[in-house]
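Swiss-Prot lists 10-33 with the feature NAD(+) binding site, giving similarity to another entry as the kind of evidence. The annotation substrate binding site is assigned in Swiss-Prot to S138. Annotation comment: Swiss-Prot describes Y151 as active site, proton acceptor.
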Amino acid sequence: MVIANKNIIFVAGLGGIGFDTSREIVKSGPKNLVILDRIENPAAIAELKALNPKVIVTFYPYDVTVPVAETTKLLKIIFDKLKTVDLLINGAGILDDYQIERTIAVNFTGTVNTTTAIMSFWDKRKGGPGGVIANICSVTGFNAIYQVPVYSASKAAALSFTNSLAKLAPITGVTAYSINPGITKTTLVHKFNSWLDVEPRVAELLLEHPTQTTLQCAQNFVKAIEANQNGAIWKLDLGRLEAIEWTKHWDSHI
């Protein structure tokens, strides 16, 4: 996908990886970048607008844990304004295994619900034009950080959901791929809680190993967007972009 002149919705586009990715997207010259985030950050929005004045950057407050009907109402406002949307990026995520229900609600259910809502506008069975979804998952969806099993499981669920979306593309007209960052230097990983305090130093221990910057991750994210490969499972780790081959151990045969 050539980003230039496209209309993009970015859920959580002001977060750690999200904001640097928003910067890289704006540099590539989309027509519209619509950022949906829980907390408004006027300074960040102003920075994005200044980075490329030709790009229309707009912000709407959005909590991914709201019901599908609420998300659909918000998306209708956006679609009525833009007429078409080319790409949805689902990027909301939290890392805190003390908050079990919220971790699942944000990292998994929120991705499912936002995707379900946009299908009302994109699904070709309803006369829609189709579209592209990029879901930010995690390398923990491949192999868990076992000290944060709730977070890891939520990301594995989001990855599985994305893989299914890709296979449904011939039916819906909506393609999908996953973005799976490795350990990236964000506020998310500086301090977080392990499940039942099984490892109080989990954040410190993780950061003792090689990491990547948010800029490195963002630059590779944009490369994945440009590749636009339905069903791709992208690993963004240590400053590199790599397509992962999923190992099949079972098949439903349907």
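A Cβ is built for glycine as well, from the same backbone N, Cα and C atoms used for every other residue.
Set side by side, the binding-site residues G13, G16 differ in how many other CB atoms lie within 10 angstroms of their CB, and the most is found at G13. The secondary structure of F10 (NAD(+) binding site), as reduced to three states from DSSP, is extended strand. Local packing around the binding-site residues F10, F19 was summarised as the count of other Cβ atoms within 10 Å of each Cβ; on this measure the leading residue is F10. Sequence-distant neighbours of I25 (NAD(+) binding site) (same chain, six or more apart, CB under 8 Å from its CB) are I3, I8, F10, L33, V222, I225, listed in sequence order. Within the set of binding-site residues (S22, S28, S138), the lowest number of other Cβ atoms found within 10 Å of a Cβ is recorded at S28. If you measure from the Cα atom of G16 (NAD(+) binding site) to that of Y151 (active site, proton acceptor), you get 17 Å. There are 28 other Cβ atoms within 10 Å of the Cβ belonging to Y151 (active site, proton acceptor). Across the structure, F19 (NAD(+) binding site) and S138 (substrate binding site) are spaced 17 Å apart at their Cα atoms. Closest to the residue listed as 'substrate binding site' by Cα-Cα distance, out of the recorded positions G13, S22, S28, K31, Y151, is Y151.
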